[in-house]
Amino acid sequence: MTDFLQLFFSGLSTGAIYALAALGFTLLWQASGTINFAQGEFVMLPAFMMLAFMNMGAPILVSFALSVVLAVIVLGWLFKRGLVDPLFKYGMMPIVVATIGLSIAMRNGVRAGFSAEAHPFPSLFPDKLFNIAGVTITMADLGTFAFALVLVLITQAFIAKTVTGRAMQAVAQNTESASVLGINVPRMIFYTFAINAVLAVAAAMLVTPTYLAKFDMGESLGTKAFFAAIIGGFNNSRGALLGGLIVGVCENLAAAYISPAYKDAVALVIFMVVILFKPQGLLGKKVERKV
Amino acid sequence: MQKRFAFKLIAACALAASALTGFAQQTVKIAGIVELSGPGTTSGTFFNNGAMLAVKEINAAGGILGKKIDYSSNDTQSNPGVAKGLTQKAVDQDVFAIFGPVFSGSIMVSMAESRRAEIPNFTGGEAASITQQGNPYIFRTSFTQDTAMPKVARYMSDTMKLKTIAIIYVNNDFGKGGLDSVKKALAPSATKVLGEISTDSGQIDFSAAVLKAKQLNPDGIFAYTNEEESARLLRELRKQGWTKPVVGETTLTGQKVIELAGEAANGAIGHVGLTVDAPLPAVRAFRAKYEKEYKTISDHNGMKGYSGMYILKAAIEKAGKFDRKAVANAMHTLKVTAAQQPGVLMDVTFNEKGDLDRDSFIVEVKNGKQEVTAVVPPLGAK
């Protein structure tokens, strides 16, 4: 039982990170009907932004704050204006293809600028161990889980409870009606991209001490987060959290009780099972087709 | 007027062609086919840097038998298929020798091409099977696992007196080769293997692997994974409160592993064929030159690339001509001392299979640095 709990808690921490990245998928889908296949690289790039600021001597939290500003400009505004807006009128597929291209470009750009080697990245949390009834939990595990959970809940609350959040939802549900109601549609869509950028920086800060800062760190993270978003429900932010945690925990349990060789297949298997029996995801809502 | 122009054009072309031919005669092409991206990035980059440093020095000193080296780096992306394609490309470009790939899985695939073209091929791969296939054109820049594992097995059994161990290995050609070799070397000893735990190349989370090892309750863990994964494994071991010995090979205690694992690397023990911390003048000189050139401390892969290039130089000089077959023949009985050729870093001998033998070291990571705790003599000296 102790071993099970050890794996469970360790998985929760990893799953919380998947959830943060998955939340990016669901937010963009809800706001603009877009799937961003560069989501993993959207976490990778802020990691290198923070690394660059830290190399200049800034403490980790200052680097985080500066990276948030930079990410909102680059991954929010520039991404929207440079890629999504021009392609939006051609439908979703060109955007999907363009984001795949963008992910390759971002990987190779960082590789050229920072070298292809992994770089160590400091942890936000102190190197402290807790031993509770035989289960070893690190401060980093606890902190990562708590931080991710708070961020997901704040995002959820912002979208559901505030006027701006509701306006964002209105835009997502029907752009034309929202426009008639006086909602500034482009601004609401930009807010979504900006929130996604901020979440990506937070995910980068939490994930990079484990993943190590490397140009291809976003590849597996992006894939897992994509599966997590679908498992939880692509049109539900809480679904991203649930999907992330399920993938994180199940991966760990499968690696220990079945074989580490199958660990990376776990997300895919759960994804397949879920879309077979509940295509809209565990917490997702059925969407009526517009005719 | 037109005739005169045509004559001038032909003359200019002839002059340019002769100049190019003359230039080509002054250089010898060597292709580096290395892991500059993917899971093997760390190993490939260091190996390539070491080779390039040696090329720079050799060229500055007048080249090999009067010819300068024209070295090119090619990225395999840590993909055996790409490595094979690049080797074929190097063959088409008529290179004199090939350096790399470093990963065992890649060289196992790519060396068929260099063998077919009879081009000497130097690898950083340590899987025992590489040189067991009778390829006369394959040469190592580091120990085979069949040389290294008996040394580390003897250390665990005789010096550390470990009664039981669990083995955590990476499930690829390199890892499986090492697993087989260490098990074979430990079989007659007092150290028993309680379990073998497989992990993946590029694996991020080692919590399950460490938990499995803890459940076996061994006296120590033998870890045999690539550099980045070694760092993650060491961090997970520390996280789960593992306090017993962690022993490994070169990839457990390399400089990059120490940098990535931080505090968690302290206490790790490794048998290393090459270390920049070896108390030898040639090695110390190499360390300083590498650090000056690349602003970082080399790991064993940098030493492999560097010493490998000087070993090729020694073989060409022994053959006395740029003849691939003659150089390959010279390699098979090559004995070079660091006194004659400081670039080889240590006295080294090659056997008929292309395997090398030389001194090696036991190191322990203390306060974030490798410390050499013992020098292990060549296996052939025993």
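Each residue, glycine too, has its Cβ placed from N, Cα and C.
So that you can see what the record holds, here are the features copied from TrEMBL:
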type	residues	note
TRANSMEM	A:7-29	transmembrane segment
TRANSMEM	A:60-79	transmembrane segment
TRANSMEM	A:91-110	transmembrane segment
TRANSMEM	A:130-159	transmembrane segment
TRANSMEM	A:189-213	transmembrane segment
TRANSMEM	A:225-248	transmembrane segment
TRANSMEM	A:254-277	transmembrane segment
### Query
Mind checking which residues reach the transmembrane segment (A:254-277)? Cβ under 8 Å, same chain, six or more beyond either end.
3, 7, 220, 223-224, 227-228, 230-231, 246-247
## Note on the structure
For the transmembrane segment (A:189-213), the candidate among A:7-29, A:60-79, A:130-159, A:225-248 having the most Cβ pairs under 8 Å is A:60-79
#### Entry: Long-range neighbours of the transmembrane segment (A:130-159), counting only residues six or more past its ends (CB under 8 A)
2, 5-6, 9-10, 12-13, 16-17, 19-20, 23, 27, 123-124, 165-166, 168-169, 195, 199, 202-203, 206, 209, 237-238, 240-241
### Close approaches to the transmembrane segment (A:7-29) from elsewhere in its chain (Cβ under 8 angstroms; 6 or more beyond its ends)
35-36, 39-40, 42-43, 135, 137, 140-142, 144-145, 147-149, 151-152, 155, 192-193, 195-196, 199-200, 202-203, 206-207, 210, 221-222, 224-226, 228-229, 232-237, 239-253, 256
